[in-house]
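Chemist: There's a structure below that I have some questions on.
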Amino acid sequence: MPGDYYDILGVDRNASKEDLKRAYRRLARKYHPDVNKEPGAEERFKEINRAYEVLSEPDTRSRYDQFGEAGVSGAGGFNYGDMGDMGGFADIFETIFSGFGGGMGTGGTRRRTGPVKGDDLRLDLKLDFREAVFGGEKEIRIPHLETCQVCKGDGAKPGTGAKTCSTCNGQGQVRRATRTPFGSFAQVSACPACNGQGQVIEEKCEVCNGAGRRQVTEKVKITIPAGVDDGTRLRVSRKGDAGLRGGPQGDLYVYLYVEPDKVFTRDKMNILSEITISYLQAILGCTVTVDTVDGEQELTIPAGTQPNTILTLENLGVPKLGNDAIRGDHLITVKVDIPTRINAEERELLEKLAHIKGQSHGKGGLEGFLGSLFHK
C-alpha cells in the first residue's frame, strides 16, 4: 500500500497548488535517479511523482481526499506519455532538470525545439602590476562555437531539409514500460536517433557535419579598466558560444590575475614600497629619488626620520575602479641602514659626536651608539 500522498510530499492537507509545486520540485530534484544513486532513491522518486500526479489535479485530489487510494487507483499509475497534455506538470520537470544537460535519462524529457542560448565561456588572463593599475586594451584569442554560415545553423546541407524521426515519430522521446508489484511505470529518455529533437537531417551540412555550429578561434580586443585587482571578473557580451536554433550568443567572462611585482605591493587603492637610506640621511634629512608606477619621483626625507617611518606620495596610488579621477596614495616605508663597519676617519668623527652627546661607546661599540640615535 502506498503511503499518504500528503506525507510523501511533506505538506498538510490544506496545501495550495503552489505549495505542492514547491514541495514537488524540491523532492524530485533530490531523489531523481540521475542525481541520487542511493538505494531506494528511484522508488522514492516514483512515489513522489505519483503523489504529485494525484494531488496536482483538483478532480483526482478531491477523490483522494474522499476515498484515499481507492478513489484514484483507476488512473493506473504515473504515465509519462501523457505529459504533452499536462503542460504545468511537464514544465516543472523541464525547469527542475534543465541544468543537467543531456536530458533526464529515466525521467521525463520534453523535446525542445525553441531557441537555446549559447554557453558562456571563461578565460583566465594574467596582467602585470602596472596593467592592473592603469588598465588598457588587450587582444586575446578565444576559441568558441559560431553559427555555421553555410547552413545558417540548421545543420542541413543547402537545398535539403529535415524529416520526422521514424524512431520516436517526432516526439523526441522514447518510452519503455516497466511492471512492478506496485503498478506499471513508463520510463522516458531522449530519442537516441534524433537526440530529442523529433527530426533528423536528411543530408548533413558538409562544413559543420550537421551540428549547425563550428569551432573557430576569434581575436577579441577587450578593455581593461584602470584599478582592477586580482580576481576581478570582466563580462564581454556575446563573445561566448553561438546559440542553437536562433538562440542568442553566450557571453565571455574574463577572470584577471595580477602577477606580483618586484618593487610594489598593493593594499586596496594604496601602493606600498620600501626604500633604504643611510643613518646620516636619516639624521640630517635629504631628498631622494624613488620609483613609482608613474615613474621616478622626488621624496623628501625629514631630518630625524626614524626607521620604519611611512612617508606618503599623495595621488600616486591605484585609481578607483569605475572612476579613475580618484586615486589612492603611494606609501613608502623608510629603512635606515646602520653600518657594521666604518673607516678610521668616520670613527674619529663619530667619537667626537659621541663625546658631544655625552654618551659612552665603549660597551657595544659605535654601532650601539648609532643605534641609540634612533628610537626603535
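Glycine residues also receive a Cβ, built from the backbone N, Cα and C atoms like all the rest.
These figures come from a predicted structure and were not determined experimentally.
Here's the feature list from Swiss-Prot:
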DOMAIN    4-68  domain 'J'
ZN_FING   135-217  zinc finger
BINDING   Cys148, Cys151, Cys205, Cys208  Zn(2+) 1 binding site
REPEAT    148-155  repeat 'CXXCXGXG motif'
BINDING   Cys165, Cys168, Cys191, Cys194  Zn(2+) 2 binding site
REPEAT    165-172  repeat 'CXXCXGXG motif'
REPEAT    191-198  repeat 'CXXCXGXG motif'
REPEAT    205-212  repeat 'CXXCXGXG motif'
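How buried are these features, and what lies next to them?
Modeler: In the three-state DSSP reading, Cys148 (Zn(2+) 1 binding site) counts as coil. Note: Cys148 (Zn(2+) 1 binding site) has non-local neighbours Gly155, Cys205, Val207, Cys208, Ala211, Gly212, Arg213, Arg214, i.e. same-chain residues 6+ apart with C-beta under 8 A of its own C-beta.
If you look at the repeat 'CXXCXGXG motif' (148-155), the same-chain residues 6 or more away from its ends with a CB under 8 A from one of its CBs are 162, 201, 204-208, 210-214, 242, 244-246.
Cys194 (Zn(2+) 2 binding site) falls within neither a helix nor a strand when secondary structure is assigned with DSSP, and so counts as coil.
Secondary structure of the repeat 'CXXCXGXG motif' (165-172) per DSSP, as helix, strand and coil residue counts: 0 helix, 0 strand, 8 coil.
Summarising model confidence by region, the repeat 'CXXCXGXG motif' (205-212) averages a pLDDT of 88.
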Chemist: Can you list the residues of the same chain, besides Cys148, Cys151, Cys205, Cys208, whose Cβ falls within 8 Å of the Zn(2+) 1 site's Cβ centroid?
Modeler: Gln149, Val150, Lys152, Gly153, Asp154, Gly155, Ala156, Lys204, Glu206, Val207, Asn209, Gly210, Ala211, Gly212, Arg213, Arg214
Chemist: Let's see if you can do this one: DSSP helix, strand and coil counts over the zinc finger (135-217), in that order.
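Modeler: Per DSSP, the residues of the zinc finger (135-217) fall into 0 helix, 41 strand, 42 coil.
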Chemist: Taking the centroid of the Cβ atoms of Cys165, Cys168, Cys191, Cys194 (Zn(2+) 2 site), which other same-chain residues have Cβ within 8 Å of it?
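Modeler: Those within range, site residues removed, are Ser166, Thr167, Asn169, Gly170, Gln171, Gly172, Gln173, Val174, Pro192, Ala193, Asn195, Gly196, Gln197, Gly198, Gln199, Val200.
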